[in-house]
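Beneath this line is the structure, given in C-alpha coordinates, with notes to follow.
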Ligand SMILES: NC(=O)C1=CN([C@@H]2O[C@H](COP(=O)(O)OP(=O)(O)OC[C@H]3O[C@@H](n4cnc5c(N)ncnc54)[C@H](O)[C@@H]3O)[C@@H](O)[C@H]2O)C=CC1
Ligand SMILES: O=C(O)[C@H]1O[C@H](OP(=O)(O)OP(=O)(O)OC[C@H]2O[C@@H](n3ccc(=O)[nH]c3=O)[C@H](O)[C@@H]2O)[C@H](O)[C@@H](O)[C@@H]1O
(Lines of atoms letter the chains of each structure in order from A and count residues from 1; the text may use other names and numbers.)
(Lines give C-alpha, C1' and ligand atoms only; values in the text may rest on other atoms or scores of the structure.)
(Ligands and ions follow the chains in the order given, each with its own letter.)
Protein backbone atom coordinates (compact mmCIF):
# COMPACT_ATOMS: atom_id res chain seq x y z
CA UNK A 1 0.00 0.00 0.00
CA UNK A 2 1.34 3.48 -0.85
CA UNK A 3 2.16 5.82 2.06
CA UNK A 4 -0.71 7.68 3.68
CA UNK A 5 -0.78 11.30 2.50
CA UNK A 6 -4.22 12.51 3.42
CA UNK A 7 -6.56 11.67 6.29
CA UNK A 8 -10.09 12.91 6.89
CA UNK A 9 -12.05 12.99 10.15
CA UNK A 10 -15.81 13.32 9.64
CA UNK A 11 -17.39 15.04 12.67
CA UNK A 12 -15.57 17.95 14.35
CA UNK A 13 -16.87 17.16 17.83
CA UNK A 14 -15.33 16.10 21.14
CA UNK A 15 -13.69 13.11 19.45
CA UNK A 16 -13.01 14.20 15.85
CA UNK A 17 -11.44 17.56 16.75
CA UNK A 18 -8.92 16.46 19.40
CA UNK A 19 -8.14 13.12 17.66
CA UNK A 20 -7.48 14.87 14.34
CA UNK A 21 -5.33 17.50 16.02
CA UNK A 22 -3.11 14.99 17.85
CA UNK A 23 -2.77 12.77 14.77
CA UNK A 24 -1.71 15.83 12.75
CA UNK A 25 0.75 16.97 15.41
CA UNK A 26 2.40 13.57 15.52
CA UNK A 27 2.41 12.97 11.73
CA UNK A 28 3.66 16.25 10.19
CA UNK A 29 3.90 14.68 6.72
CA UNK A 30 0.24 13.72 6.62
CA UNK A 31 -2.47 16.22 5.69
CA UNK A 32 -5.25 15.92 8.28
CA UNK A 33 -8.65 17.50 7.59
CA UNK A 34 -11.44 17.57 10.13
CA UNK A 35 -14.78 18.16 8.42
CA UNK A 36 -18.26 18.93 9.67
CA UNK A 37 -21.59 20.07 8.27
CA UNK A 38 -21.85 22.74 10.95
CA UNK A 39 -20.32 26.01 9.70
CA UNK A 40 -20.29 27.49 13.22
CA UNK A 41 -18.35 24.56 14.62
CA UNK A 42 -15.76 24.71 11.85
CA UNK A 43 -15.41 28.49 12.22
CA UNK A 44 -14.75 27.99 15.94
CA UNK A 45 -12.12 25.31 15.23
CA UNK A 46 -10.42 27.82 12.93
CA UNK A 47 -10.35 30.45 15.69
CA UNK A 48 -8.70 30.67 19.11
CA UNK A 49 -12.08 30.14 20.81
CA UNK A 50 -12.35 26.39 20.18
CA UNK A 51 -15.89 24.97 20.28
CA UNK A 52 -15.01 22.65 23.17
CA UNK A 53 -13.32 23.40 26.48
CA UNK A 54 -10.49 20.91 26.85
CA UNK A 55 -7.35 21.68 28.88
CA UNK A 56 -4.18 21.77 26.72
CA UNK A 57 -5.99 21.45 23.40
CA UNK A 58 -5.48 24.94 21.95
CA UNK A 59 -1.64 24.76 21.77
CA UNK A 60 -1.86 21.39 20.02
CA UNK A 61 -4.37 22.71 17.48
CA UNK A 62 -2.41 25.91 16.88
CA UNK A 63 0.87 24.13 16.30
CA UNK A 64 -0.47 21.99 13.47
CA UNK A 65 -3.04 24.50 12.17
CA UNK A 66 -1.32 27.87 12.18
CA UNK A 67 1.95 27.24 10.30
CA UNK A 68 3.95 29.37 12.75
CA UNK A 69 6.54 26.79 13.75
CA UNK A 70 6.14 24.25 10.94
CA UNK A 71 4.17 23.72 7.72
CA UNK A 72 0.42 23.53 8.27
CA UNK A 73 -1.00 20.00 8.12
CA UNK A 74 -4.24 20.41 10.10
CA UNK A 75 -7.32 21.83 8.38
CA UNK A 76 -10.89 22.37 9.55
CA UNK A 77 -13.41 22.66 6.73
CA UNK A 78 -17.04 22.17 5.74
CA UNK A 79 -15.96 20.77 2.37
CA UNK A 80 -16.90 17.24 3.37
CA UNK A 81 -17.17 15.81 -0.13
CA UNK A 82 -13.96 17.34 -1.54
CA UNK A 83 -11.97 16.16 1.47
CA UNK A 84 -13.28 12.60 1.22
CA UNK A 85 -12.15 12.44 -2.43
CA UNK A 86 -8.53 13.22 -1.45
CA UNK A 87 -8.36 11.00 1.62
CA UNK A 88 -6.53 7.68 1.92
CA UNK A 89 -8.14 7.09 5.31
CA UNK A 90 -11.50 8.43 6.54
CA UNK A 91 -12.35 8.29 10.24
CA UNK A 92 -16.08 8.48 11.00
CA UNK A 93 -16.46 10.40 14.29
CA UNK A 94 -20.08 11.48 14.06
CA UNK A 95 -22.52 11.34 16.95
CA UNK A 96 -24.46 8.14 17.66
CA UNK A 97 -26.97 9.32 20.29
CA UNK A 98 -29.78 7.24 21.76
CA UNK A 99 -32.89 7.09 19.53
CA UNK A 100 -35.69 9.31 20.77
CA UNK A 101 -38.48 7.90 18.58
CA UNK A 102 -39.47 4.73 16.74
CA UNK A 103 -38.36 1.16 17.39
CA UNK A 104 -35.90 0.98 20.30
CA UNK A 105 -36.58 4.59 21.32
CA UNK A 106 -34.75 5.43 24.55
CA UNK A 107 -32.40 2.46 24.15
CA UNK A 108 -31.06 1.82 20.65
CA UNK A 109 -28.44 4.11 19.12
CA UNK A 110 -29.54 6.45 16.36
CA UNK A 111 -27.28 5.40 13.49
CA UNK A 112 -28.65 7.93 10.99
CA UNK A 113 -25.60 10.25 11.11
CA UNK A 114 -23.24 7.32 10.87
CA UNK A 115 -25.05 5.81 7.90
CA UNK A 116 -25.24 9.17 6.17
CA UNK A 117 -21.45 9.57 6.55
CA UNK A 118 -20.92 6.06 5.18
CA UNK A 119 -23.13 6.82 2.19
CA UNK A 120 -21.26 10.05 1.53
CA UNK A 121 -17.90 8.25 1.53
CA UNK A 122 -19.29 5.57 -0.77
CA UNK A 123 -20.59 8.17 -3.19
CA UNK A 124 -17.50 10.40 -3.22
CA UNK A 125 -14.43 8.15 -2.92
CA UNK A 126 -12.54 7.90 -6.20
CA UNK A 127 -9.67 5.69 -5.03
CA UNK A 128 -9.19 2.79 -2.62
CA UNK A 129 -10.01 4.07 0.86
CA UNK A 130 -9.72 2.78 4.40
CA UNK A 131 -12.78 3.70 6.45
CA UNK A 132 -12.36 3.75 10.20
CA UNK A 133 -15.27 3.43 12.65
CA UNK A 134 -14.27 5.76 15.46
CA UNK A 135 -17.78 6.55 16.62
CA UNK A 136 -19.11 4.07 19.17
CA UNK A 137 -21.36 1.68 17.25
CA UNK A 138 -23.26 -1.58 17.82
CA UNK A 139 -21.41 -4.81 17.16
CA UNK A 140 -21.67 -5.81 13.47
CA UNK A 141 -22.04 -2.26 12.18
CA UNK A 142 -19.19 -2.96 9.75
CA UNK A 143 -21.36 -5.60 8.06
CA UNK A 144 -24.02 -2.96 7.31
CA UNK A 145 -21.37 -0.57 6.06
CA UNK A 146 -19.96 -3.23 3.75
CA UNK A 147 -23.37 -3.65 2.06
CA UNK A 148 -23.83 0.11 1.59
CA UNK A 149 -20.32 0.57 0.20
CA UNK A 150 -20.80 -2.33 -2.20
CA UNK A 151 -24.11 -0.95 -3.45
CA UNK A 152 -23.07 2.71 -3.86
CA UNK A 153 -19.29 2.73 -4.29
CA UNK A 154 -17.81 3.57 -7.68
CA UNK A 155 -16.66 0.59 -9.80
CA UNK A 156 -13.01 -0.29 -9.20
CA UNK A 157 -12.83 1.53 -5.84
CA UNK A 158 -12.07 -0.83 -2.93
CA UNK A 159 -12.95 -0.10 0.66
CA UNK A 160 -11.47 -1.65 3.75
CA UNK A 161 -13.35 -1.12 7.01
CA UNK A 162 -11.55 -0.93 10.36
CA UNK A 163 -12.87 -0.49 13.88
CA UNK A 164 -10.75 1.83 15.99
CA UNK A 165 -12.85 2.94 18.96
CA UNK A 166 -11.89 5.97 21.00
CA UNK A 167 -11.29 5.69 24.74
CA UNK A 168 -10.50 9.31 25.63
CA UNK A 169 -12.33 10.93 28.53
CA UNK A 170 -13.36 14.58 28.37
CA UNK A 171 -11.32 16.92 30.52
CA UNK A 172 -8.23 14.76 29.96
CA UNK A 173 -8.60 14.24 26.20
CA UNK A 174 -5.19 15.59 25.21
CA UNK A 175 -3.31 13.50 27.79
CA UNK A 176 -5.39 10.43 26.89
CA UNK A 177 -4.64 10.88 23.18
CA UNK A 178 -0.94 11.56 23.73
CA UNK A 179 -0.48 8.56 26.05
CA UNK A 180 -3.32 6.10 25.45
CA UNK A 181 -3.54 2.94 27.60
CA UNK A 182 -4.09 1.12 24.33
CA UNK A 183 -5.03 1.65 20.70
CA UNK A 184 -7.49 -0.97 19.52
CA UNK A 185 -7.69 -1.80 15.82
CA UNK A 186 -10.20 -4.36 14.59
CA UNK A 187 -10.14 -5.63 11.02
CA UNK A 188 -11.43 -8.44 8.88
CA UNK A 189 -8.94 -11.28 9.13
CA UNK A 190 -8.30 -11.25 5.36
CA UNK A 191 -4.95 -10.26 3.77
CA UNK A 192 -6.33 -6.84 2.74
CA UNK A 193 -8.00 -6.32 6.14
CA UNK A 194 -4.81 -7.13 8.00
CA UNK A 195 -2.83 -4.88 5.66
CA UNK A 196 -5.20 -1.97 6.33
CA UNK A 197 -4.87 -2.55 10.08
CA UNK A 198 -1.10 -2.34 9.67
CA UNK A 199 -1.40 0.98 7.79
CA UNK A 200 -3.44 2.48 10.63
CA UNK A 201 -1.12 0.98 13.25
CA UNK A 202 1.81 2.71 11.53
CA UNK A 203 0.09 6.11 11.80
CA UNK A 204 -0.34 5.60 15.56
CA UNK A 205 3.16 4.13 15.71
CA UNK A 206 4.62 7.63 15.29
CA UNK A 207 3.89 8.24 18.98
CA UNK A 208 2.28 5.16 20.58
CA UNK A 209 4.58 2.28 21.61
CA UNK A 210 4.02 -0.80 19.47
CA UNK A 211 3.11 -2.97 22.47
CA UNK A 212 0.17 -0.64 23.22
CA UNK A 213 -1.37 -1.18 19.79
CA UNK A 214 -3.73 -4.12 19.93
CA UNK A 215 -5.14 -5.78 16.81
CA UNK A 216 -8.26 -7.95 16.98
CA UNK A 217 -11.03 -9.14 14.73
CA UNK A 218 -13.45 -6.39 13.81
CA UNK A 219 -16.45 -7.62 15.85
CA UNK A 220 -14.36 -7.90 19.02
CA UNK A 221 -13.15 -4.35 18.55
CA UNK A 222 -16.67 -2.98 18.06
CA UNK A 223 -17.93 -4.85 21.12
CA UNK A 224 -14.86 -4.05 23.25
CA UNK A 225 -15.73 -0.35 23.21
CA UNK A 226 -19.26 -0.96 24.50
CA UNK A 227 -17.88 -3.46 27.01
CA UNK A 228 -15.30 -0.99 28.35
CA UNK A 229 -17.87 1.75 28.92
CA UNK A 230 -20.37 -0.69 30.40
CA UNK A 231 -17.78 -2.05 32.84
CA UNK A 232 -16.73 1.47 33.89
CA UNK A 233 -20.34 2.58 34.38
CA UNK A 234 -21.09 -0.63 36.27
CA UNK A 235 -18.30 0.12 38.77
CA UNK A 236 -19.81 3.55 39.45
CA UNK A 237 -23.31 2.10 39.89
CA UNK A 238 -21.85 -0.56 42.19
CA UNK A 239 -20.15 1.98 44.44
CA UNK A 240 -23.23 4.21 44.32
CA UNK A 241 -25.42 1.28 45.39
CA UNK A 242 -23.01 0.75 48.28
CA UNK A 243 -23.18 4.47 49.11
CA UNK A 244 -26.87 4.05 49.99
CA UNK A 245 -26.02 1.23 52.41
CA UNK A 246 -23.32 3.45 53.94
CA UNK A 247 -25.75 6.29 54.53
CA UNK A 248 -28.12 3.90 56.29
CA UNK A 249 -25.50 2.24 58.48
CA UNK A 250 -22.87 4.85 59.33
CA UNK A 251 -20.19 3.28 57.13
CA UNK A 252 -18.29 5.65 54.85
CA UNK A 253 -18.22 4.83 51.14
CA UNK A 254 -14.81 6.52 50.73
CA UNK A 255 -13.34 4.09 53.23
CA UNK A 256 -15.16 1.19 51.53
CA UNK A 257 -13.77 2.16 48.10
CA UNK A 258 -10.28 2.60 49.51
CA UNK A 259 -10.31 -0.71 51.38
CA UNK A 260 -11.75 -2.62 48.42
CA UNK A 261 -9.56 -0.82 45.88
CA UNK A 262 -6.34 -1.89 47.63
CA UNK A 263 -7.10 -5.39 46.41
CA UNK A 264 -5.12 -5.39 43.18
CA UNK A 265 -7.84 -7.50 41.55
CA UNK A 266 -10.32 -4.68 42.13
CA UNK A 267 -8.14 -1.56 41.79
CA UNK A 268 -8.96 1.92 42.99
CA UNK A 269 -10.10 3.83 39.88
CA UNK A 270 -13.71 4.64 38.93
CA UNK A 271 -14.89 3.94 42.47
CA UNK A 272 -15.70 7.51 43.45
CA UNK A 273 -19.29 7.54 44.70
CA UNK A 274 -21.26 10.46 43.28
CA UNK A 275 -24.68 11.91 42.62
CA UNK A 276 -24.62 9.78 39.46
CA UNK A 277 -22.58 9.44 36.31
CA UNK A 278 -23.28 11.75 33.39
CA UNK A 279 -21.72 12.47 30.03
CA UNK A 280 -22.86 11.66 26.54
CA UNK A 281 -21.67 8.07 26.53
CA UNK A 282 -22.08 5.91 29.65
CA UNK A 283 -25.87 5.87 29.66
CA UNK A 284 -26.10 5.67 25.86
CA UNK A 285 -23.55 2.87 25.53
CA UNK A 286 -24.90 0.74 28.39
CA UNK A 287 -28.38 1.07 26.88
CA UNK A 288 -26.94 0.24 23.46
CA UNK A 289 -25.41 -2.96 24.89
CA UNK A 290 -28.60 -3.82 26.73
CA UNK A 291 -30.69 -3.27 23.60
CA UNK A 292 -28.30 -5.41 21.58
CA UNK A 293 -28.78 -8.23 24.11
CA UNK A 294 -32.54 -7.77 23.80
CA UNK A 295 -32.43 -8.11 20.02
CA UNK A 296 -30.20 -11.18 20.39
CA UNK A 297 -32.94 -12.75 22.59
CA UNK A 298 -30.86 -12.54 25.75
CA UNK A 299 -33.36 -10.87 28.13
CA UNK A 300 -31.41 -11.73 31.30
CA UNK A 301 -28.30 -10.04 29.90
CA UNK A 302 -30.35 -7.04 28.79
CA UNK A 303 -31.87 -6.69 32.28
CA UNK A 304 -28.44 -6.99 33.93
CA UNK A 305 -27.01 -4.02 32.02
CA UNK A 306 -30.24 -2.07 32.26
CA UNK A 307 -29.90 -2.21 36.05
CA UNK A 308 -26.65 -0.20 35.82
CA UNK A 309 -28.63 2.68 34.34
CA UNK A 310 -31.55 2.15 36.74
CA UNK A 311 -29.26 2.51 39.79
CA UNK A 312 -27.83 5.70 38.28
CA UNK A 313 -31.30 7.23 37.85
CA UNK A 314 -32.21 6.18 41.38
CA UNK A 315 -29.02 7.70 42.79
CA UNK A 316 -29.88 11.11 41.28
CA UNK A 317 -33.43 11.16 42.63
CA UNK A 318 -32.32 9.71 45.99
CA UNK A 319 -29.97 12.67 46.38
CA UNK A 320 -32.69 15.23 45.69
CA UNK A 321 -35.08 13.49 48.07
CA UNK A 322 -32.41 13.69 50.77
CA UNK A 323 -32.13 17.46 50.20
CA UNK A 324 -35.88 17.94 50.46
CA UNK A 325 -36.18 15.80 53.55
CA UNK A 326 -33.27 17.54 55.34
CA UNK A 327 -34.79 20.94 54.52
CA UNK A 328 -37.92 19.99 56.51
CA UNK A 329 -39.88 18.68 53.54
CA UNK A 330 -40.35 21.97 51.74
CA UNK A 331 -38.23 23.98 49.34
CA UNK A 332 -40.92 26.47 48.39
CA UNK A 333 -39.35 29.91 48.11
CA UNK A 334 -36.00 28.74 49.54
CA UNK A 335 -32.88 29.72 47.64
CA UNK A 336 -30.72 26.71 46.78
CA UNK A 337 -27.19 27.37 45.50
CA UNK A 338 -26.02 24.81 42.96
CA UNK A 339 -22.26 24.49 42.47
CA UNK A 340 -21.48 23.01 39.06
CA UNK A 341 -23.63 22.08 36.07
CA UNK A 342 -21.23 20.18 33.77
CA UNK A 343 -21.18 16.38 34.10
CA UNK A 344 -17.68 16.48 35.58
CA UNK A 345 -14.92 19.02 36.12
CA UNK A 346 -12.69 20.38 33.34
CA UNK A 347 -15.34 20.17 30.67
CA UNK A 348 -18.19 22.48 29.67
CA UNK A 349 -20.12 19.49 28.38
CA UNK A 350 -23.50 19.12 30.07
CA UNK A 351 -24.87 16.13 28.20
CA UNK A 352 -26.63 13.79 30.66
CA UNK A 353 -25.21 15.76 33.59
CA UNK A 354 -26.68 14.70 36.94
CA UNK A 355 -27.23 18.42 37.57
CA UNK A 356 -30.03 18.47 34.99
CA UNK A 357 -32.18 15.97 36.91
CA UNK A 358 -31.40 17.48 40.29
CA UNK A 359 -32.20 21.06 39.19
CA UNK A 360 -35.36 19.87 37.45
CA UNK A 361 -36.52 18.21 40.70
CA UNK A 362 -35.62 21.32 42.74
CA UNK A 363 -37.69 23.48 40.38
CA UNK A 364 -40.61 21.07 40.77
CA UNK A 365 -40.42 21.78 44.53
CA UNK A 366 -40.58 25.52 43.73
CA UNK A 367 -37.10 26.22 45.07
CA UNK A 368 -35.31 29.33 43.83
CA UNK A 369 -32.26 27.75 42.23
CA UNK A 370 -29.08 29.74 41.64
CA UNK A 371 -26.39 28.01 39.57
CA UNK A 372 -22.67 28.69 39.41
CA UNK A 373 -20.47 26.87 36.92
CA UNK A 374 -17.08 28.21 35.79
CA UNK A 375 -17.50 27.07 32.17
CA UNK A 376 -21.12 26.36 31.31
CA UNK A 377 -23.08 29.23 29.76
CA UNK A 378 -26.57 30.32 30.72
CA UNK A 379 -27.83 29.50 27.22
CA UNK A 380 -26.60 25.94 27.57
CA UNK A 381 -28.22 25.49 30.99
CA UNK A 382 -31.50 26.83 29.61
CA UNK A 383 -31.28 24.48 26.63
CA UNK A 384 -30.62 21.42 28.83
CA UNK A 385 -33.47 22.25 31.20
CA UNK A 386 -35.76 22.84 28.24
CA UNK A 387 -34.83 19.48 26.67
CA UNK A 388 -35.32 17.73 30.00
CA UNK A 389 -38.95 18.83 29.96
CA UNK A 390 -38.81 21.83 32.32
CA UNK A 391 -41.35 24.46 31.38
CA UNK A 392 -39.30 27.41 30.10
CA UNK A 393 -41.52 29.84 32.09
CA UNK A 394 -40.57 27.90 35.22
CA UNK A 395 -36.91 28.06 34.28
CA UNK A 396 -37.15 31.86 33.89
CA UNK A 397 -39.09 32.13 37.15
CA UNK A 398 -37.09 29.78 39.38
CA UNK A 399 -33.52 29.72 38.02
CA UNK A 400 -30.78 32.36 38.07
CA UNK A 401 -27.11 32.16 37.16
CA UNK A 402 -24.33 33.53 39.38
CA UNK A 403 -20.92 34.78 38.26
CA UNK A 404 -19.10 33.39 41.31
CA UNK A 405 -19.73 30.94 44.17
CA UNK A 406 -20.26 33.75 46.71
CA UNK A 407 -23.09 35.51 44.86
CA UNK A 408 -24.51 32.06 44.28
CA UNK A 409 -24.57 31.17 48.00
CA UNK A 410 -25.68 34.56 49.26
CA UNK A 411 -29.01 34.31 51.19
CA UNK A 412 -29.33 30.64 50.31
CA UNK A 413 -30.59 27.90 52.61
CA UNK A 414 -28.33 25.28 51.09
CA UNK A 415 -25.31 24.80 48.84
CA UNK A 416 -25.56 21.70 46.67
CA UNK A 417 -22.28 20.54 45.10
CA UNK A 418 -22.99 18.75 41.84
CA UNK A 419 -19.66 19.03 39.98
CA UNK A 420 -16.24 18.67 41.58
CA UNK A 421 -14.80 21.87 40.02
CA UNK A 422 -11.80 23.15 42.04
CA UNK A 423 -13.47 26.61 42.04
CA UNK A 424 -16.46 25.13 43.83
CA UNK A 425 -14.67 23.24 46.58
CA UNK A 426 -11.88 25.72 47.30
CA UNK A 427 -14.17 28.53 48.41
CA UNK A 428 -13.81 30.35 51.71
CA UNK A 429 -16.44 28.37 53.62
CA UNK A 430 -16.33 30.74 56.59
CA UNK A 431 -17.37 33.59 54.29
CA UNK A 432 -20.01 31.40 52.66
CA UNK A 433 -21.41 30.53 56.11
CA UNK A 434 -21.70 34.22 56.97
CA UNK A 435 -23.79 35.04 53.90
CA UNK A 436 -26.20 32.09 54.11
CA UNK A 437 -29.55 31.68 55.87
CA UNK A 438 -29.67 29.61 59.07
CA UNK A 439 -29.46 26.71 59.50
CA UNK A 440 -26.92 26.55 56.67
CA UNK A 441 -26.86 23.26 54.77
CA UNK A 442 -24.28 21.79 52.39
CA UNK A 443 -25.20 18.74 50.31
CA UNK A 444 -22.10 17.23 48.77
CA UNK A 445 -22.93 15.14 45.70
CA UNK A 446 -19.26 14.64 44.93
CA UNK A 447 -17.63 14.03 48.30
CA UNK A 448 -15.15 16.85 47.73
CA UNK A 449 -15.96 18.90 50.82
CA UNK A 450 -14.22 18.44 54.16
CA UNK A 451 -17.42 17.65 56.09
CA UNK A 452 -15.74 17.75 59.53
CA UNK A 453 -14.31 21.21 58.91
CA UNK A 454 -17.63 22.56 57.69
CA UNK A 455 -19.49 21.07 60.61
CA UNK A 456 -17.10 22.84 62.97
CA UNK A 457 -17.95 26.10 61.18
CA UNK A 458 -21.61 25.44 61.95
CA UNK A 459 -22.85 23.93 58.71
CA UNK A 460 -25.22 20.98 58.54
CA UNK A 461 -23.44 18.72 56.01
CA UNK A 462 -24.85 15.76 54.11
CA UNK A 463 -22.53 13.86 51.76
CA UNK A 464 -23.14 10.99 49.39
CA UNK A 465 -22.20 7.73 51.09
CA UNK A 466 -21.63 9.13 54.55
CA UNK A 467 -24.10 8.32 57.32
CA UNK A 468 -24.10 9.19 61.00
CA UNK A 469 -21.03 7.40 62.41
CA UNK A 470 -22.40 7.30 65.99
N1 LIG B 1 -17.41 12.59 23.74
C2 LIG B 1 -16.52 11.69 24.09
O3 LIG B 1 -15.77 11.90 25.05
C4 LIG B 1 -16.40 10.40 23.37
C5 LIG B 1 -17.27 10.05 22.35
N6 LIG B 1 -17.13 8.83 21.70
C7 LIG B 1 -18.00 8.49 20.59
O8 LIG B 1 -17.59 9.26 19.45
C9 LIG B 1 -18.71 9.65 18.66
C10 LIG B 1 -18.74 11.16 18.53
O11 LIG B 1 -18.94 11.72 19.81
P12 LIG B 1 -18.74 13.29 20.06
O13 LIG B 1 -17.49 13.72 19.41
O14 LIG B 1 -18.91 13.48 21.51
O15 LIG B 1 -19.98 13.88 19.27
P16 LIG B 1 -20.28 15.42 18.92
O17 LIG B 1 -21.74 15.55 18.89
O18 LIG B 1 -19.46 16.30 19.79
O19 LIG B 1 -19.68 15.58 17.44
C20 LIG B 1 -20.20 14.93 16.32
C21 LIG B 1 -20.10 15.87 15.13
O22 LIG B 1 -20.44 15.14 13.95
C23 LIG B 1 -21.06 16.07 13.05
N24 LIG B 1 -21.77 15.32 12.01
C25 LIG B 1 -22.86 14.54 12.14
N26 LIG B 1 -23.17 13.98 10.95
C27 LIG B 1 -22.27 14.44 10.04
C28 LIG B 1 -22.06 14.22 8.65
N29 LIG B 1 -22.84 13.38 7.96
N30 LIG B 1 -21.04 14.86 8.06
C31 LIG B 1 -20.23 15.68 8.75
N32 LIG B 1 -20.38 15.93 10.06
C33 LIG B 1 -21.38 15.30 10.71
C34 LIG B 1 -21.94 16.91 13.95
O35 LIG B 1 -22.27 18.14 13.33
C36 LIG B 1 -21.04 17.07 15.18
O37 LIG B 1 -20.29 18.27 15.13
C38 LIG B 1 -19.94 9.05 19.35
O39 LIG B 1 -20.22 7.81 18.76
C40 LIG B 1 -19.47 8.84 20.77
O41 LIG B 1 -20.14 7.78 21.40
C42 LIG B 1 -16.12 7.96 22.02
C43 LIG B 1 -15.23 8.26 23.01
C44 LIG B 1 -15.28 9.49 23.76
O1 LIG C 1 -16.95 6.77 25.40
C2 LIG C 1 -16.82 7.81 26.00
O3 LIG C 1 -17.45 8.84 25.78
C4 LIG C 1 -15.88 7.93 27.15
O5 LIG C 1 -16.67 7.78 28.35
C6 LIG C 1 -15.95 7.94 29.56
O7 LIG C 1 -15.37 9.23 29.63
P8 LIG C 1 -16.18 10.52 30.14
O9 LIG C 1 -17.64 10.25 30.10
O10 LIG C 1 -15.66 11.68 29.39
O11 LIG C 1 -15.72 10.74 31.64
P12 LIG C 1 -15.48 9.82 32.92
O13 LIG C 1 -14.32 10.37 33.63
O14 LIG C 1 -15.47 8.37 32.62
O15 LIG C 1 -16.76 10.16 33.82
C16 LIG C 1 -18.06 9.84 33.41
C17 LIG C 1 -19.03 10.18 34.52
O18 LIG C 1 -18.85 9.32 35.64
C19 LIG C 1 -18.62 10.08 36.82
N20 LIG C 1 -17.69 9.31 37.67
C21 LIG C 1 -16.48 8.94 37.19
C22 LIG C 1 -15.62 8.19 37.96
C23 LIG C 1 -15.99 7.81 39.25
O24 LIG C 1 -15.26 7.14 40.01
N25 LIG C 1 -17.22 8.22 39.71
C26 LIG C 1 -18.08 8.94 38.94
O27 LIG C 1 -19.19 9.27 39.41
C28 LIG C 1 -18.04 11.39 36.34
O29 LIG C 1 -18.23 12.40 37.28
C30 LIG C 1 -18.85 11.60 35.07
O31 LIG C 1 -20.10 12.15 35.38
C32 LIG C 1 -14.82 6.91 29.62
O33 LIG C 1 -14.04 7.14 30.81
C34 LIG C 1 -13.93 7.02 28.39
O35 LIG C 1 -12.94 5.99 28.41
C36 LIG C 1 -14.79 6.86 27.13
O37 LIG C 1 -13.99 7.01 25.98
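Just so you know, glycine gets a Cβ as well, placed from its N, Cα and C.
Feature annotations, courtesy of TrEMBL:
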| type | residues | note |
| --- | --- | --- |
| ACT_SITE | 281 | active site, nucleophile |
| BINDING | 11-16, 36, 41, 94-98, 135-136, 170, 281-284, 351 | NAD(+) binding site |
| DOMAIN | 337-451 | domain 'UDP-glucose/GDP-mannose dehydrogenase C-terminal' |
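Overlay of TrEMBL annotations on the structure.
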{"residue": "11", "record": "NAD(+) binding site", "contacts (Cβ under 8 Å, 6+ apart)": "35, 36, 92, 93, 94, 95, 113, 117, 135"}
{"residue": "14", "record": "NAD(+) binding site", "contacts (Cβ under 8 Å, 6+ apart)": "52, 54, 170, 173, 280, 349"}
{"residue": "98", "record": "NAD(+) binding site", "contacts (Cβ under 8 Å, 6+ apart)": "106, 107, 108, 109, 110, 283, 284, 287, 288"}
{"residue": "281", "record": "active site, nucleophile", "contacts (Cβ under 8 Å, 6+ apart)": "136, 229"}
- prompt: For residue 98 (NAD(+) binding site), which DSSP three-state class applies?
  reply: strand
- request: On the DSSP side of things, how many residues of the domain 'UDP-glucose/GDP-mannose dehydrogenase C-terminal' (337-451) fall into helix, strand and coil, could you say?
  value: 45 helix, 19 strand, 51 coil
Message: So if I take the recorded positions (11, 14, 36, 170, 281, 283) and measure from each Cβ to the nearest atom of ligand 2, which come out below 6 Å?
response: 170, 281
Statement: Across the domain 'UDP-glucose/GDP-mannose dehydrogenase C-terminal' (337-451) the predicted model averages a pLDDT of 97
- prompt: Just how many other Cβ atoms lie inside 10 Å of the Cβ on residue 283 (NAD(+) binding site)?
  reply: 21
